[in-house]
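A short write-up of the structure that comes next.
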């Protein structure tokens, strides 16, 4: 290759680097409308977000420009100050999105008392000069402009807890849609320092807590998927199909009890971690998942204690006990699999995890169908043989 070709290729390469937003995008490269200046800017550590700000100590006013790309086209961005905590609950929030009617970027205020109430509402402190704009050349990035009156108690502390977030879509009735619960979304919080010369330093807070919470969520998901979603179905398959083989009696019974008891112990551990997560996540409610989990725990506990009251085979109440035992067992089986899928939708892991669980359930379902056919062949054959005896 000639030297001129090499020089040309290198020039094109470096030119591509210069114009590539993914490479050159920092807070100092941001430009936006208006004549106000913001001496401090931060590359926020999550969600490709940036913050420009200035703080006027004389009148305790914080002027901000928050920039971030929505999770999807038509989505929303939010920046907030939380006077009482580090998360979204209690956050005094500015939300920007493109109006679905005219496509113009607008900004609204939300006083987030809980995750179930995300409608426009007045903030706990004064905010003015609010506006939003879209930076089309920055890949559809939205920006929020505002001036905030910092509360006196936060001024005394010299810092404010800031939270930011992005979401994929708008919900009905002007509500913002649910954002993802991936690690970057859960870690999008920091402490903005207002002391001294306003150097713009930030201290990321809650990182360890976020990592611990993510770990607890993963443990909760694994325990419940293994117990309610895998071991309980396996135990039901053992009881349903192994008992038909005379040589498997009473081994099938002990295998069934061992499998179901192990599933119950693991499931209770998963249920306990779910309760702990709920108590540590004020305002976050997954009502359907929670209610099914409580129902599963109650039904499985009754099922375990019912084993102590199991009548003998020739007892007159054994028929009714079997109806109860089978009915509750199948209810646990169905609710468990449903709740595992609900949990996967909440955790939103990589698609491979959901695919793997679907594959496990499909394999167990295929085995059950095969054994069901074998069982009917054996039962019909035995009835035929018995009918031929004198």
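Using the three backbone atoms N, Cα and C, a Cβ is placed for every residue, glycine included.
Taken from TrEMBL, the feature signal peptide covers 1-24. What TrEMBL lists as domain 'DOMON' is 47-167. Among the features that TrEMBL reports, domain 'Cytochrome b561' is placed at 183-380. Feature annotation from TrEMBL assigns transmembrane segment to 221-239, 251-272, 292-309, 321-341, 356-380.
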Whole-number mean of pLDDT values that fall within the domain 'Cytochrome b561' (183-380): 83
Summary of DSSP states over the domain 'DOMON' (47-167), given as helix, strand and coil counts: 9 helix, 62 strand, 50 coil
Range from 221-239, 321-341, 356-380 with most C-beta pairs under 8 A to the transmembrane segment (251-272): 221-239
For the transmembrane segment (321-341), distant same-chain residues with Cβ under 8 A (at least six beyond the ends): 224-225, 227-229, 232-233, 236, 239, 289, 292-293, 295-296, 299-300, 302-303, 306, 309-311, 354, 357, 361
Intrachain neighbours beyond the transmembrane segment (221-239), with Cβ under 8 angstroms and 6 or more residues off its ends: 252-253, 255-256, 259-260, 262-267, 269-271, 273-274, 293, 296, 329-330, 332-333, 335-337, 339-340, 343-344, 347, 349, 357, 360-361, 364, 367-368, 371
